[in-house]
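**Student:** Below is the structure I would like to discuss, written out as structure tokens.
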Amino acid sequence: MSIYNQNPEDVLKTLDTSLEGLSHEEVKKRQDQYGLNLMNQSKPKSPFIIFLEQYKDLLVIVLICAALISAISGEYVSTAVILVVITINAILGTVQTLKARKSLESLQKLSTPHVKVLRGGQVEEISSDQLTIGDIVCVEAGDVIEGDGRILEAANLQINESALTGESLPQEKSVAALQGEKPLADQTNMVFSSGLVTNGTGKYVVNAIAMDTQIGHIATMIENASERKTPLQKSLDEFSVKLTISICVICAIILCINVVFAHEDLLDALLIAVALAVAAIPEALGSIVTIVLSISTQKMVKENAIIKQLNAVESLGCVSIICSDKTGTLTQNKMKVMDVFANQVAFAPEALDASDHCHDVLLKECLLCNNAIYREDSKIGDPTEIALLELFDNYGKKDDDYVVETERLYEIPFDSTRKMMSINSKFHLYTKGAVDELLKRCTQILIHDQKRPLTKEDKEKILLKNEEYAKKGLRVLGFAYKNMEPRELDYSDEKELCFVGMVAQMDPPREESKDAVEKCRIAGIKPIMITGDHAITAQSIAQQIGIFKEGDICLEGAQLEKMDDEELDQVLPKVSVYARVAPEHKIRIVKAWQKRKEIVAMTGDGVNDAPALKQSDIGVAMGITGTEVSKDAASMILMDDNFSTIVKAVITGRNVYANIKNAITYLLSGNFSAILAVVFTSILFLPTPFTAVHLLFINLITDSLPAIAIGMEKGTDDILRQKPRKSDDSILNRKTMLKIGSEGLIIFVFVMAAYYLGLQSSASLASTMAFATLCLSRLLHGFSSRSDLPLFKLSVNIYSCLAFVIGAGLLMLILLVPGLHGLFTIAQDLTLSDVGIIVLCALGSFICIQIIRVIKMKISD
Ligand code: ATP
């Protein structure tokens, strides 16, 4: 007999648990026995395999050829140096890959879902990996099912199990035992890991975890996020391949020139060609992007933003519209009841008097029509509801009357489309929600202990008060009830209600919201508030934080519905507040902006927000109040639910992009100068300026450090003031290419000057001087490449200084320690005055580039 054939009581017995849940000692025991609830993702590659994979790189293949050619031509020292360098490079590559993997893993850990379980009779929130067999899990709309389980309680419980069954519609779930054998899709009293709760509430007992769950059996469905490359990484990979092919063609041409026209020895000519290949192939490009992206995601975690997909960092920099929820994101979500309205009069909460029947019903409803948990030590749930429990705790009557009524039977859960929720007890139906929605369903009003018909005047008075509250930015909830015999509820029960009163709650804006909105404006980003709250409340809060300015429009969901796409497009730029919207409206707003080629970040917390989060360019979920479904759909999670965190992340995203661009410009301009030098000298039939070892030393050792330092650049206010980047703007656009070309040319000129001076003594000194000047110029260029601004405009970047000191130290070591000269093909006749010339030439290129920066800055001023 399968578990779905058994009654809930028998299931509990079989699993040796109870409705109270397991005790903590038992949980520990079972976790030792069954392990944690973790999926074995496809086995990670071992470090050795990663190490071997480094040899697949095109550059490494070229280098192995170089080592071979050197060995054939008897240059064994060069061969040895090249091989050592390749090995060091492979080790570094392995370490980098492992580090990036670790940081991705820690990010994934941070976004582990949470579940509510009953343990020792108390509800606790635990991370899903702690779930064990026999645990009783409580779920509500918006939760993701963890572990497989048998349902014990279900109130309008609907679950979307499309990931498992392929059925896209949510399935109605129930408690009753099923007869006979059933396929997965028909096991209606079971829940399966990865299911999305789309409606209702329920409880289930866990009978399978981790790889024993149905989804665990289909292990291939679990994609390994760390393997995916970002668009930028992909386009750089493509660029590298194209560049490498062009370089190979140039190398072949140079080889022909040298052999056919200059009648050089084939081996020597091959060595030159290989040197050119080594100089030009931008091997560090891909790894720089990976390093910078993983450093920046770690940094963002410190700023409370968890990036779930690396490519989100890139899109973040392009964000031009931020659509944000109000409650909890722009406001503090610390609800406090400020005013109560009952018996058609408003008063402070302190004046609540449970001996008045109307007050009494209102207080009772605060307690019953509520899903939050309010205990001395823990307050779990929607802050709006916690505030109502607090109100009851302060002023409610706590005698046995309530115990009878506390037996809640059925519930129509709150959903942000209906903006209401209802429950029934043994005798009554209680409904609470947005006042305008509620009044539509009321026919009576309770005044003290008398119910009487709700007149037009009554309605007007209530709506007037509602508006007055809203103008003060207060969040208003209305309460109504009616007598009803106990039975399962459906939407049609919410009619002919008796209006009881209203409660107005204060949710002050977050202090940092105003600043963040101001920053958005400076950065050319339009902040938009989208809320389910009343239009006047929304507008009042939006005005306080600067989102709503004079001339702006506050559009209501109902108005939006009446507009066609064209009409919406016309008003779009003016609307800064959308009020009383349902989640479906959000997707229209996102699409409308996207049609205008804007990049939209959209926040969401509810289960119905998932489509809009997916549609937006950056879906932002709330870490604290967000449902697991929304977190699943988002590409970024805010650990503090704070609007200003989005703005910070956008600025960081811009900065990361600028840093990557600068690092790439740095690497390519350096490579370009080396190519120019090799091509130039070979066209003039001059001795080659660099050996393969020289270029290896520069490319793999002294170049990477400044590039990483550029990637760590903090970013200036300048970044904030720029307009958002267009998403189709290529990182290697004409402007960048021009910069790479001009700066490469300047470095080339100074390298050739040093080469020329060296050539007066010997070819070997010329080569040493060219190499050392190129190396030092590129190290200095590491400072210039930090930004488009001249250096004196920037603050100190300690990493750049360190990179320079290490690089220059290594260079001086091989220049000045005679024992190393053989290894690095340094001329024996190098004198101190030659070193002076090298320093002057390198400084010359640096000063020239800085002068250009100053001129550019003056022009743009
Ligand atoms: P945002 O979308 O910015 O988070 P919001 O939280 O005000 O705004 P909803 O949660 O959709 O949006 O709430 C819309 C309305 O529904 C509120 O103005 C309130 O009147 C009502 N409401 C909110 N929470 C509850 C609840 N728990 N029970 C009943 N009604 C509620």
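Heads up, the Cβ atoms here are built off N, Cα and C, so glycines get one too.
Automated prediction, rather than curation, is the source of TrEMBL annotations.
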**Student:** Kindly point out the range from 61-79, 80-98 that TrEMBL annotates with transmembrane segment.
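**Tutor:** So the range that TrEMBL calls transmembrane segment is 80-98.
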**Student:** In the domain 'Cation-transporting P-type ATPase N-terminal' (2-75), how many residues does DSSP assign to helix, to strand and to coil?
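**Tutor:** Within the domain 'Cation-transporting P-type ATPase N-terminal' (2-75) the tally stands at 46 helix, 1 strand, 27 coil.
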**Student:** Please give the average pLDDT for the domain 'Cation-transporting P-type ATPase N-terminal' (2-75) in this predicted model.
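**Tutor:** Averaged over the domain 'Cation-transporting P-type ATPase N-terminal' (2-75), per-residue pLDDT gives 83.
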**Student:** May I ask which of the stretches 269-293, 692-715, 736-757, 763-784 has the most CB pairs under 8 A with the transmembrane segment (664-686)?
**Tutor:** 736-757
**Student:** Who are the chain neighbours of the transmembrane segment (692-715) in space, where the CB to CB distance is under 8 Å and they lie at least 6 residues beyond its ends?
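**Tutor:** Distal contacts: 63, 66, 70, 78, 81-82, 85, 88-89, 92, 271, 274-275, 278-279, 283-284, 288, 291-292, 295, 651-652, 654-655, 658-660, 662-663, 666-667, 670-671, 674, 767, 771, 774-775, 778-779, 781-783, 785-787, 795, 797, 799-800, 802-804, 806-807, 810-811, 814, 823-825.
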**Student:** Based on Cβ pairs under 8 Å, which of the stretches 269-293, 736-757, 763-784, 837-855 lies most in contact with the transmembrane segment (243-263)?
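**Tutor:** Highest pair count goes to 269-293.
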**Student:** Should anything in the same chain at least six residues away from the transmembrane segment (269-293) have a Cβ under 8 Å from its Cβ atoms, list it; otherwise answer none.
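**Tutor:** Same-chain contacts beyond the flanks: 57-59, 62-63, 65-66, 69-70, 73, 75, 93, 96-97, 100, 230, 232-233, 236-237, 239-240, 243-244, 247-248, 250-252, 254-255, 258-259, 262, 310, 313, 656, 659-660, 663-664, 667-668, 671, 674-675, 678-679, 682, 688, 690-692, 694-696, 699-700, 703-704, 707-708, 711-712.
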**Student:** Please report, as numbers and ranges, the same-chain residues at least 6 past the borders of the transmembrane segment (736-757) whose CB is under 8 Å from any CB of it.
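**Tutor:** Distal contacts: 661, 664-665, 668-673, 676-677, 680-681, 689, 766-767, 769-770, 772-774, 777-778, 781, 784, 834, 837-838, 841-842, 844-845, 848-849, 852.
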